[in-house]
Amino acid sequence: MRSLSLAWLLGGITLLAASASCNRTVNAPGPNSKGRSLIGRLDTPPPITGKGAPVEPGFSVDEFSASVLTGKLTTVFLPVIYIIVFVIGLPSNGMALWVFFFRTKKKHPAVIYMANLALADLLSVIWFPLKISYHLHGNDWTYGDALCKVLIGFFYGNMYCSILFMTCLSVQRYWVIVNPMGHSRKRANIAVGVSLAIWLLIFLVTIPLYVMRQTIYIPALNITTCHDVLPEEVLVGDMFSYFLSLAIGVFLFPALLTASAYVLMIKTLRSSAMDEHSEKKRRRAIRLIITVLSMYFICFAPSNVLLVVHYFLIKSQRQSHVYALYLVALCLSTLNSCIDPFVYYFVSKDFRDQARNALLCRSVRTVKRMQISLTSNKFSRKSSSYSSSSTSVKTSY
């Protein structure tokens, strides 16, 4: 549990540092700032060049939005956290995916869901260098609108993909506890089907992010933002309905299902009769369940709640001061990509063994030889003890 404790400590440090950065950022504009959280307004109609091609229109932002885009919160704090997540998340999820696909022979439903969860985390983390570069260059996107769409689509898509696979994993764990005699192959086939359905669902729900324009040029700051500034009519209309639907359908319902599964799991474990050795395992399982459930809500709940609040404020009051906090919460949600591999390590004994063998550069053939040797040694000890006991019985007669 030490690794999970370190992850919690990292999350706490993130929150404290982010709170200080948010306070400095919000207070920068002064008391007269209207604070319309990254709403872009078209300055003038785009001029026409001599060739008849319109020049890219420029958008203006208010003082609060300018302070967020130029402040240390987005240009220093966020890239530092994303660098940490990238450095830890890329190798750990890559190794986890390799263990699940190439080192684990028995593809149980839990292994299938964890492999898909590792894949979702990996697909999210591999795009972080672009996001880090964007923030380090003062929130100036230089890679084109198409690549910005891909970055945003993968970022949000894989976040909600992780939520759904964690929900499937929690429901599957509860089902194994209440129905341990089920057919494993049938369960594995169901898990594969559910996984494919989740990937298809995530692709469909992220299509709007690939269709709409994500880059906005701001002449006053001489930067081109990626998703951080959008036209007011888009924020009030399409994006409000879109993200509200995502928050309810792809976060709220799975969160309630996950919480229910874990609560029922804890009740079932506590009510079951066990010996002293099994009691220790049960307590460890309950602690792990509480840790995973807390991680689930701490990583994903703040960003989804603040996102809904942000769009509600924009729609009702045409202003919002919570976008800076939302950026912090969204950054906090990426810590899940660092924590998940350690959760695999504590949840699955098979993953622990295979990961340890992989780190020690032991091939599958070497591991088999070690297992055969260990089994033969145990058998020889039992045989020798049986023969010695038989000899002692004969001599006594």
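Each residue's number is its place along the chain shown, starting with 1.
Cβ coordinates come from backbone N, Cα and C, glycine included.
According to Swiss-Prot, the disulfide bond annotation covers Cys148-Cys226, on the basis of sequence analysis. Residues or ranges marked as N-linked glycosylation site by Swiss-Prot on the basis of sequence analysis: Asn23, Asn222. Residues or ranges marked as S-palmitoyl cysteine by Swiss-Prot on the basis of similarity to another entry: Cys361. The signal peptide annotation in Swiss-Prot covers 1-25. The topological domain 'Extracellular' annotation in Swiss-Prot covers 37-71, 138-149, 212-235, 318-323. Summarising the annotation, Swiss-Prot assigns topological domain 'Cytoplasmic' to 102-108, 178-183, 270-277, 348-397. What Swiss-Prot lists as transmembrane segment is 72-101, 109-137, 150-177, 184-211, 236-269, 278-317, 324-347, and the listing cites similarity to another entry.
Known features from Swiss-Prot, placed on the structure.
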residue: Cys148; record: disulfide bond; Cβ neighbours (10 Å): 21
residue: Asn222; record: N-linked glycosylation site; Cβ neighbours (10 Å): 9
residue: Cys226; record: disulfide bond; Cβ neighbours (10 Å): 25
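Of the ranges 72-101, 184-211, 324-347, the one with the most Cβ pairs under 8 Å to the transmembrane segment (236-269) is 184-211.
Following the DSSP three-state reduction, the secondary structure of Cys148 (disulfide bond) is helix. Distance noted between the C-alpha atoms of Cys148 (disulfide bond) and Asn222 (N-linked glycosylation site) is 18 Å.
At the 8 Å Cβ cutoff, the transmembrane segment (109-137) and the transmembrane segment (324-347) share at least 3 close pairs (sequence separation 6 or more) and count as touching. When DSSP labels each residue, the topological domain 'Cytoplasmic' (102-108) comes out as 2 helix, 0 strand, 5 coil, counted as helix, strand and coil in that order. Distant neighbours of the topological domain 'Extracellular' (138-149): 69-70, 74-75, 130, 209-210, 213-215, 221-228; these residues of the same chain sit at least 6 beyond its ends, with a Cβ under 8 Å from one of its Cβ atoms. Applying DSSP to the topological domain 'Extracellular' (212-235) sorts its residues as follows: 4 helix, 10 strand, 10 coil.
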